[in-house]
Amino acid sequence: MTAHCPEDPSLERHFKGHRDAVTSVDFSLNTKQLASGSMDSCLMVWHMKPQTRAYRFAGHKDAVTCVNFSPSGHLLASGSRDKTVRIWVPNVKGESTVFRAHTATVRSVHFCSDGQSFVTASDDKTVKVWSTHRQKFLFSLSQHINWVRCAKFSPDGRLIVSASDDKTVKLWDKTSRECVHSYCEHGGFVTYVDFHPSGTCIAAAGMDNTVKVWDVRTHRLLQHYQLHSAAVNALSFHPSGNYLVTASSDSTLKILDLMEGRLLYTLHGHQGPATTVAFSRTGEYFASGGSDEQVMVWKSNFDIVDYGEVLRVQRPPATRASSSGTLPEVDPLVPPGRGRSQESMQSHSQEPVSVPQSLTSTLEHIVGQLDVLTQGPLWIQHLDNWPQEHHSPWLDLLEFESGGGLFSQGALILASPV
């Protein structure tokens, strides 16, 4: 077996216990527990500590479609085809409280960052907000005209984003309960949506095999990926905001570098569709589930040694726009030397990149100035002409070209070392 390079993702664990397709996975705050839901009507709570028995929670009367830990990790929410939401205490007793208001399958459940409320999405075409501790339904958001597959709170809890089979993504103001904007660029059902950790962007996955990233302040389409050969079922942002992992019916997981707008890895582990994926709260791990009834836990690794570390600032950048203000459509072909493919545990070696200290300081200064100029984590990206010959990966790192856009001096180009 080929030895792993430090920056390659590796398959750490896989859990068997479900008797039907896995629909959803989520890590607890401390990464000690991993929850999964399944078409077998059960929740499983797996312990990351080896040789520790898992909990199986039975209570739903039909398929469990979604799971989500509360921010503290002390509660676990689930939604089901039985039209109910349950809040569980994830211990050996497995006690739960039932929430009823939806009139069709509950597809999605997500806690607000303060844990005081949670939001659900349903085939009854509504998004509903609930009080966690008062254990009651609060209000509905009702402008979708088809099944709602997913709904998420923004990191600050002020916004809600929803994805629907009506081919739209809708952005809602929680306080006014009004739809702020509808994103209509998807060519098919929108299966999943989530906020970037900064709260300034959203990413959505679709049955049209694409992933799209929008800025929620300008509503501009920033990035567009068409890398999968079948529907994209789920996605998850790395906590740094620099990476995105996707799960697809083509059986693969793909890891995208949002800072460079390119594919980093393609992971082959599941037999059949990969239905769900989620990073841990620290980003050290990510978990995936599939129609093969398997739950797999991967160690990220790539975020530790990646050369992009030198570009990080206190507030993680979301994405970068080109000089025209929107990102160009990303070519599915990966620039030479940067794409990776793994068959579960196999990987390929790559030389780590060393960065001169003087350049690191210069880059950090420039990034700081950009963050001030844009008044938020919006970056500048230019990918139209990816260099075919990287004659000097670091000397060519900074380049300005003429043109208008956000900056009168043009767009900052960050070239990737080979």
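Heads up, the Cβ atoms here are built off N, Cα and C, so glycines get one too.
For the repeat 'WD' (15-56), the residues of the chain that approach it from at least six positions outside its boundaries are 62-69, 71-73, 76, 78, 80, 88, 90-92, 94, 275-282, 284-285, 287-297, judged by C-beta separation under 8 angstroms. The repeat 'WD' annotation in TrEMBL covers 15-56 (among others).
Among the features that TrEMBL reports, repeat 'WD' is placed at 57-88 (among others). Sequence-distant neighbours of the repeat 'WD' (57-88) (same chain, 6+ residues past either end, Cβ-Cβ under 8 Å): 20, 23-30, 33, 35-45, 94-100, 102-111, 113-115, 118, 120, 122, 130, 132, 135.
For the repeat 'WD' (99-140), same-chain residues at least 6 beyond its ends with a Cβ under 8 Å from one of its own Cβ atoms are 65-72, 75, 77-81, 83-87, 146-153, 155-157, 160, 162-164, 172, 174, 177. Residues or ranges marked as repeat 'WD' by TrEMBL: 99-140 (among others).
Sorting each residue of the repeat 'WD' (141-182) by its DSSP state yields 0 helix, 22 strand, 20 coil. The feature repeat 'WD' is assigned by TrEMBL to 141-182 (among others).
The repeat 'WD' annotation in TrEMBL covers 183-224 (among others).
Residues or ranges marked as repeat 'WD' by TrEMBL: 225-266 (among others).
Here the repeat 'WD' (267-299) has a mean pLDDT of 97 out of 100. As annotated by TrEMBL, repeat 'WD' applies to 267-299 (among others).
According to TrEMBL, the feature region 'Disordered' maps to 317-358.
Per TrEMBL, compositional bias 'Polar residues' is recorded for 342-358.
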The repeat 'WD' (15-56), counted residue by residue under DSSP: helix, strand, coil: 0 helix, 22 strand, 20 coil
